[in-house]
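Colleague: The structure is given below, and queries will be raised subsequently.
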């Protein structure tokens, strides 16, 4: 039950008026000045705080609902911003939400509820608790609150704001300070079946598509995939009615199937480019990991595209991942109006649809191909009890994304010659230039050169040319357009006056004054729409400057400042935080005093409520040193729990471990154990025994080399018996051995005339253990005969490769 506060009545006596004005906590929504304010007996007494004539703040102040929707969904939360364009500001304000055609003097006139974001900036009015006003009167340029949309059946709602700049300056609650939102039809499911009409618009129009993903654990908590949630890369195109990318009731192509199941846009882009005559622009935007982040952390993805009279439809899709085959997107959105113009803006909330190629019912269902393939259809809340969108009452599915398509320029001759904004004028200045959207993204060009002189030197038709350079072709399968462009022109010999005239655009609006206090300069520009046909130079001015005065009474101690920079990111990831912006001194005060203007500003910022994140964590520390000094190891980093998890368990990791790699460690030679000693090689007398070991690992990366692999030692069994017959046999063997050596030496001596050589030595050890080394052996002169020549009788040396295996 809501208690209505007693209405505050204003007396016309000066004493009570003086008391009422300082105590007022809000602006009035009445159109009368103070002298005409009647006593109010209604639910919210309207307290007038500002005197003077009402003024409309179409350019200075604005009331904006995030996403700029035209419709609201019952029960949905919307961020509302009230702002002033620099150098304007406001000290006080009042914000209310009324049903259409209601005065606000009854409780039931008000629609929805506001939610305070910053209690130091905003508060509910004490005498009108459904309205929001400032907490303290001071200079400000922006405030934000949340508005919770009313229940179904409320109808259209009007958000109204009033502004106080100074206590006796002005207030207003219409124009840019009024926002009308109508209730979204409960039967709306994102499916449209409107006929596609022939387009009668002229020229081309350029649009920007911005995709706002709202799919998060807060909005869709059931079975939300916390670790793999994402939107795939956006893929689509502007096309004619003869080509359909996808549509409800149709079957998914192979390209749509690969987007829906794999998140891959490659095949879809190939299909679109194959329809070259039916497609004007291929629309692409990068994927989003994770699916949702605040806009001050990650900007919403966007893409620009163009449309013309025959290709005035726009379609796109993106996969909701992970999912069986669920997507969101638009199909054949017509950007041409019945009045032969181009749509200014489209805002559409999106719900997921099923591509009909997989029969899974949950985000992470195993692959289950649908055989036979089914038609594309929107998901509903009654599809399956295990579905994350299931509602036994059959309610509508909460939208998972919003797409905003906004016209940013028009080119060429337009049927409707009245421009909607300055961008349209600027974009219409050079109709002879080709649309940049025709150039594939895989072709990187330099800028066009200036037009050359006309090829005709007489009063005759000729051609002029401009060029550009192809810097890179990223995909050789996609052809790149020409690097030269030609245009007809008239030679300079023409005497016709019209041949030397040039057509100019209208002047665009004046720039802001160059200073914030005192006398400064401002400028405006225009552009050459059509150069003289005779190829001569256009001499008409394209820029004008004039003096401007801002605050004539500013003192000599005032200083000139630059414009404010962009706001920093919010210092908090949830709840209340701070953000800052800065500016610099351009010129110090003329009287030599110190500049007292502020060079930095800080204001509070509101992130999603912290209860959606049960624990607040510090940033990750730096990675620790690797656990080893060489080779493969591990390293760690930590973060701390900054606040107690009072609203739930903190399941986030406080430590992370990853592998690290340092230069390889030296590997020493590895050997087997020694074998047993062999038997003595003699049966009597002196002999020897040996033992060996094998190399298991060659040394690597500078490791210790391999030691000996063979050892021998002496052995003596017993003295040999001196049997004469045996002794003679040994003498005979020794004699034959000496004779054999002599014959060998003589045969070797024949190879080197005049020399007797010793046998080759054994090969030396290899100079390297791996990677390729060398070995050497020698043959030395044993005896040189007198008849020998020195050049033919000398020591010999041989070299060979060894250990050629890699390290």
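Each residue, glycine too, has its Cβ placed from N, Cα and C.
I grabbed these lines from Swiss-Prot:
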- 44-128: disulfide bond (DISULFID)
- 199-336: disulfide bond (DISULFID)
- 200-340: disulfide bond (DISULFID)
- 202-415: disulfide bond (DISULFID)
- 443-480: disulfide bond (DISULFID)
- 459-494: disulfide bond (DISULFID)
- 502-538: disulfide bond (DISULFID)
- 513-517: disulfide bond (DISULFID)
- 558-611: domain 'TSP type-1 3' (DOMAIN)
- 559-595: disulfide bond (DISULFID)
- 605-610: disulfide bond (DISULFID)
- 614-666: domain 'TSP type-1 4' (DOMAIN)
- 615-650: disulfide bond (DISULFID)
- 626-630: disulfide bond (DISULFID)
- 668-721: domain 'TSP type-1 5' (DOMAIN)
- 754-806: domain 'TSP type-1 6' (DOMAIN)
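What's the neighbourhood like for these features in this structure?
Modeller: According to DSSP, residue 128 (disulfide bond) is assigned to a strand segment.
Under the three-state DSSP scheme, residue 199 (disulfide bond) falls in the coil class.
The Cβ of residue 200 (disulfide bond) has 309, 336, 340, 415 as same-chain neighbours under 8 Å, each 6 or more residues away in sequence.
Neighbour density for residue 202 (disulfide bond): within 10 A of its CB lie 18 other CB atoms from the protein chains shown.
Listed in sequence order, 439, 440, 442, 443, 470, 473 are the same-chain residues six or more apart from residue 480 (disulfide bond) with CB atoms under 8 A from its CB.
For the recorded site, residue 538 (disulfide bond), the DSSP three-state label reads coil.
Classification of residue 513 (disulfide bond) by DSSP places it in coil, neither helical nor stranded.
Mean predicted confidence for the domain 'TSP type-1 3' (558-611): the pLDDT average there is 79.
Cβ neighbours within 10 Å of residue 559 (disulfide bond), excluding its own Cβ and spanning all shown chains: 19.
Mapped onto three states, the DSSP output places residue 605 (disulfide bond) in strand.
Look at residue 626 (disulfide bond): DSSP puts it in coil. A C-beta separation below 8 Å, combined with a sequence spacing of at least six in one chain, links residue 626 (disulfide bond) to 633, 634, 635, 660, 661, 662.
Note: the domain 'TSP type-1 5' (668-721) comprises 0 helix, 20 strand, 34 coil (DSSP; helix = H, G, I, strand = E, B).
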Colleague: Nearest to residue 502 (disulfide bond) by Cα, among 128, 199, 513, 559, 605 (disulfide-bonded residues)?
Modeller: 513
Colleague: Sort the residues of the domain 'TSP type-1 6' (754-806) into helix, strand and coil with DSSP and give the three counts.
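Modeller: Across the domain 'TSP type-1 6' (754-806), DSSP assigns the residues as follows: 3 helix, 21 strand, 29 coil.
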Colleague: Using a 10 Å cut-off, grab the number of neighbouring Cβ atoms around the Cβ of residue 336 (disulfide bond), all chains included.
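Modeller: If we count other Cβ atoms within 10 Å of residue 336 (disulfide bond), we arrive at 21.
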Colleague: Take the C-alpha atoms of residue 595 (disulfide bond) and residue 202 (disulfide bond) and report the distance between them in angstrom, rounded.
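Modeller: For residue 595 (disulfide bond) versus residue 202 (disulfide bond), the Cα atoms are 54 Å apart.
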Colleague: Round to a whole number and give the Cα-to-Cα distance in Å for the pair residue 202 (disulfide bond) and residue 630 (disulfide bond).
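Modeller: Rounded to a whole number, the Cα-Cα distance is 70 Å.
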Colleague: Among 128, 513, 559, 605, 630, these being the disulfide-bonded residues, pick the one whose CA is nearest to that of residue 538 (disulfide bond).
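Modeller: For residue 538 (disulfide bond), the spatially nearest of the disulfide-bonded residues is 513.
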Colleague: On the DSSP side of things, how many residues of the domain 'TSP type-1 3' (558-611) fall into helix, strand and coil, could you say?
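Modeller: Summed over the domain 'TSP type-1 3' (558-611), the classes give 2 helix, 19 strand, 33 coil.
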Colleague: Out of 128, 199, 559, 605, 630, point to the one nearest residue 513 (disulfide bond) in space (Cα versus Cα); all of them are disulfide-bonded residues in the record.
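Modeller: Ranked by Cα distance from residue 513 (disulfide bond), first place goes to 559.
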